[in-house]
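Below is one structure; the comments refer to it alone.
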Amino acid sequence: MVRSLKSAVSRGTSHLSRRGYATEPVPERKVAVLGAAGGIGQPLSLLMKLNPLVSSLSLYDIAGTPGVAADVSHINTRSEVVGYQGEAELGKALEGADVVVIPAGVPRKPGMTRDDLFNINAGIVKTLATAISKYCPNALVNMISNPVNSTVPIAAEVFKKAGTYDERRLFGVTTLDVVRAKTFYAGKAKVPVAEVNVPVVGGHAGITILPLFSQATPKANLDDDQIKALTKRTQDGGTEVVEAKAGKGSATLSMAYAGALFADACLKGLNGVPDVVECSFVQSTVTELPFFASKVRLGKNGVEEVLGLGPLSDFEKQGLESLKAELKASIEKGIQFANK
């Protein structure tokens, strides 16, 4: 990823100089990571420090951030790093941010119900979204905190109440579903993973995750049973990691990688790079649901265009209908929480 980012930047600057300009610097961009001292936040902070499109990296958490910031700041890359700790410093962490990435919250622990997880993380997201609406209302917000199917609607409601909501600037990060689908498909299809593309639509939990393997490239002759197994493995990817870690953690490293990929795509869009397309959970009219993950074209204002689903196989059509009730309930749960 880092090599590709560096080559992209050098391609961009050499292109400018060929047009007869003095070499133009890459635009100044501030990225804030909220939850930077956590299991996802620390590797995500490292990966954002490696991104040459970032000029200012702001790391925030309720505790532990000065150490993470000091550690990451020693890396010899472009961005200046500042750590902020505690709610009193949240405003300073956010001021002037172009992109805000939110991995804050708690992972699901043994004995914790989904409702327990929801109530803790929903409260955290509501607090952070309120601060974003005050200190950087024009930032692109990348929501990683689970359950994304509910936390994105919570943030939308908070922004609406504050009068700052812009549907183009709020994203649920579903990139890990895409990363998993690509990896699993490449392994089964025996094709180089770097060449693989698989759109993943719907939501970001269990059966709401719908990988569209019928649209995967390069094409491979996989039978129905293989496609079903790949779909289930993509949907259960998080559980696979939780079980492998034997209750001592969840998918933090792969999630940090996916979060860094999506933040990079947002930065490229802001900087005017053409044809940046990623899957994301956004406000949408692709289905009757108010939020839905599908391919999105990114640009200088965030979402430039929400793309349609394209042709679906019968298995995918069935999956699409099956996921709607659960996704609708999760969205409504978020909206109700934000408004209570």
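Cβ coordinates come from backbone N, Cα and C, glycine included.
As stated in TrEMBL, the feature region 'Disordered' covers range 1-23 out of the listed 1-23, 231-253, 300-322. Across the domain 'Lactate/malate dehydrogenase N-terminal' (30-172), DSSP classifies residues as 66 helix, 28 strand, 49 coil. Remark: of the recorded positions Arg114, Arg180, His204, the most isolated position is Arg114 (fewest other Cβ atoms within 10 Å of its Cβ). Of all the recorded positions in the record (Arg114, Asn146, Arg180, His204), the one with the smallest CA separation from Gly39 (NAD(+) binding site) is Asn146. Counting every protein chain shown, the Cβ of Asn121 (NAD(+) binding site) has 22 other Cβ atoms within 10 Å.
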